[in-house]
Amino acid sequence: MDRKQKQAEKARPYGLLKPAALGKIPGRFQLHQEALPHLPVPPLQQTLDRYLLALQPIISEEELNHTQELVAEFRKPGGVGERLQKGLERRAKKTDNWLSDWWLKTAYLEYRLPVVVHSSPGVVLPKQDFQDRQGQLRFAAKLIEGILDFKTMIDNETLPVEYMGGKPLCMNQYYQILSSCRIPGPKRDSIVNYAKGKKQSRHITVVHNFQFFELDVYNSDGSPLTTDQLFIQLEKIWNTSLQTNKEPVGILTTNHRNSWAKAYNNLLKDKTNKESVRTIEKSICTICLDAPMPRVSDDIYKSPVAAQMLHGGGSRWNSGNRWFDKTLQFIIAEDGSCGLVYEHAPAEGPPIVALLDHIVEYTKKPELVRSPMIPLPMPKKLRFNITPEIKSDIEKAKQNLNIMVEDLDVIVLVFHQFGKNYPKSEKISPDAFIQLALQLAYYRMYGHSCATYESASLRMFRLGRTDTIRSTSIESHKFVQSMDSPDKSDQEKADLLRRATQAHKEYTNMAIQGNAIDRHLLGLKLQAIEDLVSIPELFMDTAYAVAMHFNLSTSQVPAKTDCVMCFGPVVPDGYGICYNPMGEHINFAISAFNSCADTNAARMAHYLEKALLDMRSLLQSAPKSKL
């Protein structure tokens, strides 16, 4: 029997089940996944044409001429390009997704910089109204209950399938975010997942004052603990971890991946340490009970909280109160600030935010269940034996982390003048409008356009992750050049603005249908490496390096909750910009490195705000054109 037939045999018994909202629906996830289309390999000539178009606004004419020669060589009939393309097409036939394994390895597991700042995004939640330990623990208990409620939907396979433009999306990432952890390796990391099977996780990790605890979250009959029960258990944890002089073992996870891999092997030589680390790795998720940060005024409150979510503030604050390899860590501080940080390898932002939206809604519900009064066992404290060698590893990690913390400049801008409803009223895609404002802000600051990355979801395809929307286009470049030019009328500028937003929308649609260029080019390059042939000159060209040097790395992560995701820049002289467009306002998080003299997050925020307002006034002053 071939693979397809086998799958069909497996799928048949469940084919009659009606998807119900409640109860277990075993096999539903599998069935849904198998019905999804495979990621296509785009036509070679199409990608090469689009690559040249993408280069036009960001490189000189001279460089472009040189690249055109390389492209002409690469695309010759029977040439290198065609050979690699055939290899990719063969790979696509043999696998569920020709890209996903390669992408996981190259983008995440083989990436050697620390996950902190360089890879793991944070999310800032609205400030909660508690100011003390009691409120902190009560909120944490409710939050855990919300996580377990979501976990039940995942376990029972009753999670509602998401759709985009009427097409069902791959739901696989939801099954990867709980009970999973990244493990450091000397050249490449790996991911472990304990969500399924007999050894399914029944506990979470709680960290307080750098001390880790194993907290069982299910009763012996399999029912999840209630908020009251969880609150009692969290109080026990709090009261048995009051010492503030403990070695912050968790800080080891903030180091460069190769250094951490060495320290990890070192740490695990001891049996007690190994058991403690395995318990953390197997847990459903981590809850970090943080000490309050220094007080700041309300108007800038969100910016230090964003930093807090991304890195914990450094070794004297809460960075030791984490295990950064854990996929999901929820952070709740005594002063009401809260959010999460997640390890990026298993999932993108949207599934994380969907989980978050669910939890936030859940925490608002009144408590109905009376808790059973059975006394619960004391949560187990995870012990670590710290040898002088481990102590020295911790000290080195602290120093490196503190340098990173000092270097990261992050600002949360809440743009209050309008939200996504305004561009919609002008029949413009809100995302295209915001991206064009970023282009305008950057152009006004630096006098030229730069390579811009916006993530596009490939979840219409089985195991799809992301591709790149290149927001810098010939059309966007024309618009930003014209915006402050006295030679153009408002009408002409408004027409260029509409053309640029239309071009962005078209590129977005192309990308989500698997027709963007970035992953295809990466695939051709990796195919060459796999075939052990020399890397084609096209990929050794300066233009390729410029195209891949994303001074603007951006992502729209919409949420029902009034939150904002944040991440660090992907190049030393760049910006990391994430935004959540709400109806009447837009939340932005903007990051840059202090070590780069040319970038400044506050300056970018200022120019971005001005760009958004100027684009609105332009549209209001020019009547709608006949485009």
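For all residues, glycine too, the Cβ spot is worked out from N, Cα and C.
Just one of GLN308, GLN329, GLN527, GLN556 is listed by Swiss-Prot for the same CoA site as LYS420, LYS424, SER425, GLU426, LYS427, ILE428, SER429, PRO430, ASP431, SER457, and that one is GLN556. Here nothing among the recorded positions LYS94, LYS262, LYS269, TYR453, SER455, THR466 falls inside 10 Å of the CA of SER429 (CoA binding site). Mapped onto three states, the DSSP output places THR466 ((R)-carnitine binding site) in strand. Annotation: THR466 carries the greatest number of neighbouring Cβ atoms among the binding-site residues SER429, THR466 [cut-off 10 Å, Cβ to Cβ]. Comparing the binding-site residues SER425, SER455, GLN556 on other C-beta atoms within 10 angstroms of each C-beta gives the minimum for SER425.
Across the fold, the C-alpha of LYS420 (CoA binding site) and the C-alpha of HIS344 (active site, proton acceptor) stand 27 Å from each other. When the Cα atoms are compared, LYS269 (N6-acetyllysine) and HIS344 (active site, proton acceptor) turn out to be 28 Å apart. Between GLN556 (CoA binding site) and LYS262 (N6-succinyllysine), the C-alpha separation comes to 36 Å. Of all the recorded positions listed here (LYS94, LYS262, SER425), LYS94 has the Cα closest to the Cα of THR466 ((R)-carnitine binding site). Under the three-state DSSP scheme, SER455 ((R)-carnitine binding site) falls in the strand class.
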